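S.K.: Below are the structure tokens for one structure; questions will follow.
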Amino acid sequence: MQAKTSNPPDGGYGWVVVASAFTVMGLTVAVLKTFGLLFFEIQQHFDELASTTSWITSVAITIFHLGAPVASSLCARYTHRAVVITGGLLAFSGMALGFLGLNMVWMYATTGFLQGLGISFSWIPAISIVSHYFSKKRALASAIASAGECVFAFTFGPFFQWLISQYGWKGALLIIGGIQLNICACGVLMRPLASSCLHEARHYETETPPGDGESRIKEEDKSPITHKTFNWMLVRQPEFVLYAIFGILAAMSFFVPPLFLVPLSYSMGIDDSWTASLLSILAVVDFAGRLLCGWYANLHVTKSVHLLTVTITLISTSLMLLPLANNYLSLAIFTGFYGFFFGTTVAIHITVLADVVGMPDFDSALGLFMLIRSTGGFVGPPLAGLIVDMTGDYRAGFYMAGTTLILSAVVLVTLDQLQQRKEKGIQTNTKQENSALPYSTLHLLKLQ
């Protein structure tokens, strides 16, 4: 009975946690996405090159990914609530100290390093605790939480522009930092669910030989405790390694389209006002894709890894077709397809990670996955830029991104085949063990 009552609630207070995570997504990643609005102001103030100023965002993104294993380890040692609150304080400190604007190195250390660490300490535990609170509805809950990034990014654009016009870039930084303090309030609402891993022990119990009920109960009781340390040994599991390779290849592609979409539209002679609307289209269809995919995945009609493989294939197809656009309408249509399927991928890929490693190791896996995936994000844009420079055509960057995504889909197919063989092997071993048991023992098992 203990394992039964320890299952994730799949609703109830869990929706409060989802709402909190929704807000955290908006106050972290959405802020990072729209920070480019402050880019020109900071560059002019310090009279620096664009490449020098861009290191502020680069440092923040780097620390966001490098801090993921640290955040996951702290979640395992303490609570998700404590780490989220710490992240909110760090994010506020980064913006508030950046308000002083002493020099560019100061901006790297504050708005770059502290902000990136704050985002990492907020984002990782927020998306993780949602997965702990939900099992059957995990895909839907994760999709709703991640949609906060789209909603806040859509509204932050004009709001940040207004802040800069009214208070200057320094005042805007201070106000944005104050808004990010709401991350702490969201963290307070993330009530710890210490026994969220116990449902995994039920599967263990069904595979434990009979006659050892006491040891099974002890194993269940130990489950939440034995996974309270960061599991670095995940890098030795073939399934996790394959999924990490998928993450690297996908990250190499995902950062390329937003980088070259605007320059591509300019090269096609599209007016500036119409070009800006492409970004709004991306945000809207991204949001719709996340919610629709979360709803569909919640029906459990399709295996999560199969659904992810389909969405990745559709993204690669849309990226291959996008360069064929010859006017604004066709470009907007292909951009919409890309944004929609990108949203579906973001909605499901964390759920697939939970399926691959299991919930007891999920926190560790999320941290390691983010860390390993960051290499793709660092390599992808420069590689695409090099290809664009060599060809003299922005379309080449989209072809590169589409090709890389096709490779990532192949990795997912390989992962699925490995999982199926492993499941068949477990079923075969179980049948052999059961056939070797005496009839009386089998009869008792059926009665239980």
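Don't overthink the numbers, they just go from 1 along the chain as shown.
Glycine is treated like the rest: Cβ placed from N, Cα and C.
Annotation source TrEMBL lists transmembrane segment at 12-35, 55-75, 82-100, 106-127, 139-160, 172-194, 240-262, 274-293, 305-325, 331-353, 365-384, 396-415. Taken from TrEMBL, the feature domain 'Major facilitator superfamily (MFS) profile' covers 14-420.
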S.K.: With CB pairs under 8 Å as the measure, which of the listed stretches 82-100, 172-194, 274-293 comes out on top against the transmembrane segment (12-35)?
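M.R.: Result: 172-194.
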S.K.: Check the domain 'Major facilitator superfamily (MFS) profile' (14-420) for me and report the mean pLDDT.
M.R.: 84
S.K.: Does the chain bring the transmembrane segment (172-194) near the transmembrane segment (82-100), so that three or more CB pairs sit under 8 Å (pairs 6 or more apart in sequence)?
M.R.: yes
S.K.: When only pairs 6 or more apart in sequence are counted, do the transmembrane segment (55-75) and the transmembrane segment (365-384) reach 3 or more Cβ pairs under 8 Å?
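M.R.: In this chain the transmembrane segment (55-75) contacts the transmembrane segment (365-384) - 3 or more Cβ pairs sit under 8 Å.
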S.K.: With an 8 Å cut-off on Cβ pairs and a sequence gap of 6 or more, do the transmembrane segment (305-325) and the transmembrane segment (365-384) reach 3 or more such pairs?
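M.R.: Since fewer than 3 Cβ pairs under 8 Å link them, the transmembrane segment (305-325) and the transmembrane segment (365-384) do not come into contact.
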S.K.: State the residues, same chain only, that lie 6 or more residues beyond the ends of the transmembrane segment (139-160) and have a CB under 8 A from a CB inside it; answer 'none' if no residue qualifies.
M.R.: 14-15, 18, 21-27, 29-31, 33-34, 37-38, 126-127, 130-131, 133, 172, 176, 280, 283-284, 286-287, 290-291, 293-295, 297-298, 304, 343, 346-348, 350-351
S.K.: Please report, as numbers and ranges, the same-chain residues at least 6 past the borders of the transmembrane segment (331-353) whose CB is under 8 Å from any CB of it.
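M.R.: Sequence-distant neighbours of the transmembrane segment (331-353): 127, 131, 138-139, 142-143, 146-147, 150, 243, 247, 250, 254, 257, 261, 264-265, 268, 270, 277-278, 281-294, 297, 304-305, 307-308, 311-312, 314-315, 318-319, 321-322, 324-325, 362, 365-366, 369.
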